[in-house]
Amino acid sequence: MKDSDIKRLLYIHLSCIFSVILSIFIPSFFLENFSILETHLTWLCICSVFVTAVNLVLYLVVKPNASSKRSSLSYKVTRFLKCCVYFLMSCFFFHVIFVLYGAPLIELVLETFLLAVLLSTFTTVPCLCLLGPNIKAWLRVFSRNGLTSIWENSLQITTISSFIGTWLGAFPIPLDWERPWQVWPISCTLGATFGYVAGLVISPFWIYCNRKQLTYKNN
Amino acid sequence: MQKISVLLFLVWVCFLFYAGIALFTSGFLLTRLELTNHSSCQEPPGPGSVPWGSRGEPGACWMASRFSRVVLVLIDALRFDFVQPQRSYVPGEPSVSLPFLGKLGSLRRILETQPHHARLYQSKADPPTTTMQRLKALTTGSLPTFIDAGSNFASYAIMEDNLIKQFTSAGRRVVFMGDDTWKDLFPGVFSQAFFFPSFNVRDLHTVDNGILEHLYPTMDSGEWDVLIAHFLGVDHCGHKHGPHHPEMAKKLSQMDQVIQGVVEHLENDTLLVVIGDHGMTKNGDHGGDSELEISTALFLYSPTALFPGAPPEEPKVVPQISLVPTLALLLGLPIPFGNIGEVIAELFSEVEDTQPHSSALAQATALHLNAQQVSRFLHTYSAAAQDLQVKELHRLHDLFSKASAEYQRLLQSPQGAEAALQTVITELQQFLRGVRAMCIESWARFSLVHMAGGAALLAAACFLCLLVSQWATAPGFCLHLLLLVPMIWGLAGVVVCAGLLACAGLKLDPVVLGAMAAVGSLLPFLWKAWAGWGSKRPLAALLPIPGPVLLLLLIRFAALFSDSFVVAEARATRFLLGSLILLLVAQLHWEGKLLPPKLFTTPRLGFSAPTSPPRHNGMHALGLGVGLLLCVRLAGLFHRCPEETPACHSSPWLSPLASIVSGRAKNLWYGACVGALVALLAAVRLWLCRYANLKSPEPSVLFVRWGLPLMVLGTAAYWALASGADEAPPRLRALVAGASVVLPRAVAGLAASGLMLLLWRPVTVLAKPTIGAPRTRTVLTPFSGPPTSQADLDYVVPQIYRHMQEEFRGRLERSKSQGPLTVAAYQLGSVYSAAVVTALTLLVFPLLLLHVERISLVFLLLFLQSFLLLHLLAAGIHITTPGPFTVPWQSVSAWALMATQTFYSTGHQPVFPAIHWHAAFVGFPEGHGSSTWLPALLVGANTFASHLLFAVGCPLLLLWPFLCESQGSRKRRQPPGNESEARVRPEEEEEPLMEMRLRDAPHHFNVALLQLGLKYLFVLGVQILACALAASVLRRHLMVWKVFAPKFIFEAMGFIVSSVGLFLGLALVMRVDGAVSSWFRQLVLAQQR
């Protein structure tokens, strides 16, 4: 592992953070009355699209893992379709989990689903970019001693911090402060976003600080 | 005996907790007995003629009325210095800067221009200074405490005699507008009422504007005798912004306009009263007893002259409840029976002094009537309750009789006695003040010392649990010493304390004595801990709880300090439980126990090989987790809303089936409920069958086979009768009534007899040892003679167990029809958990009967989810065969969380109106007559059913991993499981020993049970500690009496029930252990013969 890798990681993460920030400011130039809290669903969609787009672009530009052996068009298409299916499945999976955690079943379905989409954007899309539609690889990354590169390490950190952020976002909901951001699912989406950004910031530094201790199995 | 000392140790720890709870409660929860006697017009409060023209006038009772109508403007949180600045409050500061000053200008103006018509008083409210308690005080004239032990907990309606009741019984029309708290307190007494929601503290204007819309039209319409307007804006402004906010100035100016408007609309026969129910602190809170909270304003105004003199420079200080007797006598009504307030004497003076002493005589008359009424109340109260001091009572009684005699004498000879009248007045006032002081002493004062002591005791007990649960696994742990020394010290503490108290001549208070005993026994323990700790171990070992669980406990601890989280605890608990479940699954994955490739390295499960293989594949654990989440979510559908969240809708399924109108829906639901019962029964039987405990001829097993279906039948029949009782043909009415009495009792009796049987013969093992079988001899050859010591027995037991397995294996092989070697040998391996599960099932049915029918679905879910949780937890536990066995913290906290979650999903809430009172009438449709303990028991069993069940089932946490051992091995065996292989299996490949591993290491078994109990007590103890701390820290909080205090009471009761249940569960396991031992002993003896 070289310092240049970490530097590259930092730049990539900075551009991801930048995409989140852009999603807050850009739409206000085009849309009237745009604000995160009041037109929350719009922002959710825009943020998801921005982050996905940046992730894809970065994936195409950086190509963190060595390109696969086959590169026929049909293979790429099936791979892409598979990725889409995985993404949708993860959205539904998160939706189910939210409902099991106590989200309303019938009311606010759209809101809950968009939260699921946002969380999928923060977690599943990087997984798909980095690891491809390969559940076994995902499971490997998220277990002890399963990491093989700093990319996977940073993926692990950002994903877990997104989850924790969403989880923490649920805490203010019962409080009687009557703030607009306490409404379901706004606090959770904000929590997810903050968690994601925090993960993006933390992971390069954490890797840098622990670069002596970290050893990766090379497959 | 080690078992006994384990149980005794647990009893001691429970005693520490109980002492802490009792001490805290004695300081925090003030109690008073509610009397339901009423004063009436015809019945004067005491002997002596009623002189003041009452006979002539209709409508006047004890005294002639001076006003026929009254307008009561109640401004919530009208602190005294809002009306008149007090120099003492703002020393040095320029008082002009405060926004609330000088805003009520009309009062000042009236006082200056019409000094004979108006008066301002500083009225002192009694704590607790919360609106509901103050309203109660302002109408009954007594000192309401949090628990007014009355006949009715189910509603907030005032049962005592009160002003409103007196108004209505005298035929006065009472019109109310404002805060809807009055609706709960006085249901259906107002001739006209405009209620506005009071709950939203942030809303400053709804209530006030609503009142203003109706106030003047109503006043002008003249269709009222008593008009009450309760404004909330000032109070809400205090809560939202605090008193030092410009918004408060606006609000007070609005109130000023209101008062001015009302004064302009007044007619000559009307009295205007403006009063604040309590004050507020500098932050706008109230509830406690600080000067700012208790000082409120009281302003009286009459369009006719009322006072002979001009108002004094500094307003007089009167107790708030003085208003009650004063208003009653001014309006010519009887004083409410329970009033202990003193009339404001100067209101009863004559304005035009026609006779020399008429003013003084009128005052003396009012005071005498007041004193007679108070004396009558004291007499009745002290006959019904013993909490007043006897000595003081006697002194007051003497004072009263003296003053009364003097007064009577003066009435007979009214000559020349201005001075004598003044003495009588002074004496009567002394009497009334003495009574009030005595009542305050015993009813209305938090004891901070008791509260702090109780909380400290609870904290120390929690710490002890944590410490001992960690020590228990250390080698060389000796319980006897740990137990004996504290006992002696505790006794010493009691003796010393009792001696000191006796020397000081104080009353012996059992609560204080118990607390002293607890402290006395704790001190040497903590000392020893401190001494033993000091150098040896690092401080980090103090926190043996793993990080995530610690975080969970902390969240739970902190959540009890927020009223919103207490109100939303049902949802929060589900959320935390879900988080814990997913965390467990994720942890299993993280540890690599879920990943398929590493799974099947299949270490052999030998007798001496302690390696525990991962027993589940990935999908299995994930399935368990999702299933658990699903169960939790489904159980959440049976949720009852707290009344503080108006947007939430309670589940319609919590009503009894009898309330369903549509016959078809009723039948469907009935079918579903009976289906749930049958499923529950089938599941338990299937489980027992799987672990082969149904084959034994023991009576308890026979009971499970035949008695349980009977109980199901009885329950189903009872439900059918209860839900369709009205539809029964008239001829069968008597039969139906009889059956609905007999059936629940029969089910309860069956359950009780089943439990008795279980305790009598808890070993559910099919034992047919064939004496003299050749293999037996070989196994037992090392032994000659019966076992003499415990060590011998310990050695023998595995041998016998192995022998029995051989027996069954041989038998099974003989009967070829059976599958691979699975069933018969397991029954010894699950003997403990079989007993616990049977006991739980027996407990469930009577508890089910106490609930509404549809809750049976929740109970089915409860069994299912605890089963799934146990499996999930067992998947993460690594068994070390020779011991020590431990139950991890996450198991215990998940179990406790699930108990709380089930409490909520069975339709309960920790507030008194939400208690299921109907449970008291199950099996007793006619009521209970005078006995109170039986209905209390029934209602308590209904409310704390989940606490009881989970506490009794607690040992399963220890036992389940051993049970799951069999599954893993069976699963592995099945692929090659044809019989030829099984037969040639080498000798050392044993059947899993399961729970017999525990039996093999009795010391570790006992220690593990102790540790389990302590950990569970710790988790519960932390909750009760948080509740106690929250209640004491937030005793000024708006929601103290509505949220925190009830939560504390429910948590304390739940703790007591849980600890008793835990004790019973552990004792049951130990009883089974003892029975298994004696069973083995008999077996050995039989072998020897």
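Keep in mind that glycine also has a Cβ here, set from the backbone N, Cα and C atoms.
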Among ranges B:580-598, B:618-636, whichever one TrEMBL labels transmembrane segment: B:618-636
TrEMBL annotation of transmembrane segment - which of the ranges B:60-77, B:510-527 it falls on: B:510-527
Recorded stretch that, among B:446-469, B:831-850, B:857-879, B:944-963, has the most CB pairs under 8 Å to the transmembrane segment (B:1016-1036): B:446-469
Proximity verdict for the transmembrane segment (B:857-879) and the transmembrane segment (B:668-688), three or more C-beta pairs under 8 Å: yes
Selection from B:481-503, B:510-527, B:831-850, B:944-963, the stretch that has most Cβ pairs under 8 A to the transmembrane segment (B:6-30): B:510-527
The transmembrane segment (B:510-527) in contact with the transmembrane segment (B:831-850), cutoff 8 A, at least 3 CB pairs, sep 6+: no
